[in-house]
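What follows is a short report on a single structure.
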């Protein structure tokens, strides 16, 4: 088992990465202020892992309630969030009852947000069961739900007390979701870790065959990278954390433009990172070879490398609604060189050329 | 103008109390990170003060959006909260757009919660227009909405950047709401400020006639008392802040039992404080005379001194769902002596006698 420590001012916590962690209740129980938990999961993950987790917790004398939600990004809404509150209140859960998120990014984001606001803040533990959630959404305390007019528009910064990334849960992950997780893995190489990008180029086949050792290394590296950034800029005010949005300004537009759930978040981010690469190339910052290397790696990870052709006007409209907009100006994460990103703006003509080059037609 | 400074670790802010503050934009403008605000008000307050506030802000070059909600505790729900998000997103409000709550406790609680979670946290200013909001709900950063199974069950601790308590707005307040505000004023005397309790006994007639000088004194005193408590225990973890709930365990049960909106919050708190007095008397802690003095003061403030007769079982059921419940035990704020409260539990037989004595029948 590897452990990454998140050193945040108020609420430091550990991310444990390894096999068989669902049964390691001794990692969980000492952190519960009350021997009562509510496990929030979805209809896909619950049949696979809920009973295993519940049995190990109940074996340690913990009273477990469970709340099972429908599965999918399209359910990351007020209405589904309310199902969590209904379940908590119907079971008389108190503000010291710990909420455990058992599932992917959507379950983590919604359960974290529910914990942030239930009785103004209940304890929260995350057990991410997808690669994407293990490398990305379980680190950093961003929780949220979507609004019809924008993704993750309603949310909170709220840190878990513990994250358990059990590698065994990745074995049941469908190929498409596994690849979507690799998009966020590759993102960390591109942001500011060229060495890791090269390691990924050499090990992408091992990762695609879900080799545990390679996976553990990649997940740990991503968590360490993200932990470093989050510790510097917990609430995204210092401009550092912004870099984690590589591929996300375009990506969120793709997700919203096609309707949530049509493309997986990681797929949209992959196509968004390619657009960021094309834009950076257009600006004369990265060369043809770099663009080709990014494209090759994403392709080996079975990810889309062309964005859907929504048209310039629609892309602009969708991106103008993004949280990263400041005083009406859209902020993009761009590449200074391969493995080195920065935040900046894009002139309209560059955006137009980027979409011409990078969109499927 | 009097000013009370809230010295909270991360986010100190000022409460200004005085006349004509709605026009004093120089107090607001320097605190705006962006010259854009969204004013949230309700159908009762908006016609009286929204245009005045908007005109003064626009005169200072601030772009103002406004969102007008229906009026009443029964609208403190997800559905109404969503109207705020709809308005913010439709107007492309960014995360640096400041939300201004112009109204009473419900508007303050909902706007504060909306600000806490809009794009994971937008700046927030409060302009409370009721006595209750000026002395209580605008101090301390508690924001929330109700759930059908419990009051203020979903919320956040989120501090405003500024509170403007404009005494002029109290002139239009209906008598019943003014009295409801006095319940919270009297609460501060009872918790730990006997000197203030005696001042209230001598000045209740001046307050009832809405004498500005007396009002300014009372509001400032309440804010200072609450500020002291909140600074010691911002997130209600140290047991100090709990005392502010005097009358609220019973009061919330009354509100929920009768259906939100039937009794005003302050009315329920007044009846709840009387029940707390009866319980403390039953426990042999305060004498007949103290109970009579509390009753007399509440009566002069035109507040109810008898609780509705919901029955022992229903009271217990309603109180068991309260946020203050810990490991299934209901916590009450009780009186050690007149002007000195503590938090504790109530034996069932004492509760039964208390309800017999204190309920209307």
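Residue numbers in this text run from 1 along the chain shown.
The backbone N, Cα and C atoms fix where each Cβ goes, glycine too.
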Q) Given that TrEMBL lists B:184, B:248 as binding Zn(2+), which residue among B:265, B:278 does it place in the same site? A) B:265
Q. Over all shown protein chains, what is the count of other CB atoms within 10 A of the CB belonging to residue B:169 (NAD(+) binding site)?
A. 26
Q: Kindly report the helix/strand/coil residue split of the domain '3-dehydroquinate synthase C-terminal' (B:181-325) according to DSSP, in that order.
A: 104 helix, 1 strand, 40 coil
Q | Composition by DSSP (helix, strand, coil) of residues within the domain '3-dehydroquinate synthase N-terminal' (B:67-179) | A | 47 helix, 34 strand, 32 coil
Q) How far is it from residue B:71 (NAD(+) binding site) to residue B:184 (Zn(2+) binding site), counting Cα to Cα, in Å? A) 21
Q) Out of B:105, B:108, which of the binding-site residues has the smallest number of neighbouring Cβ atoms within 10 Å? A) B:105
Q. For residue B:130 (NAD(+) binding site), which residues of its chain lie six or more apart in sequence with Cβ-Cβ distance below 8 Å?
A. B:103, B:104, B:105, B:169, B:170, B:173, B:177, B:181
(Q) Beyond the listed site residues B:184, B:248, B:265, identify every same-chain residue whose Cβ lies within 8 Å of the center of their Cβ atoms for the Zn(2+) site. (A) B:132, B:136, B:183, B:187, B:247, B:251, B:266, B:268, B:269, B:272
Q | Neighbour tally for residue B:74 (NAD(+) binding site), based on other Cβ positions within 10 Å of its Cβ | A | 14
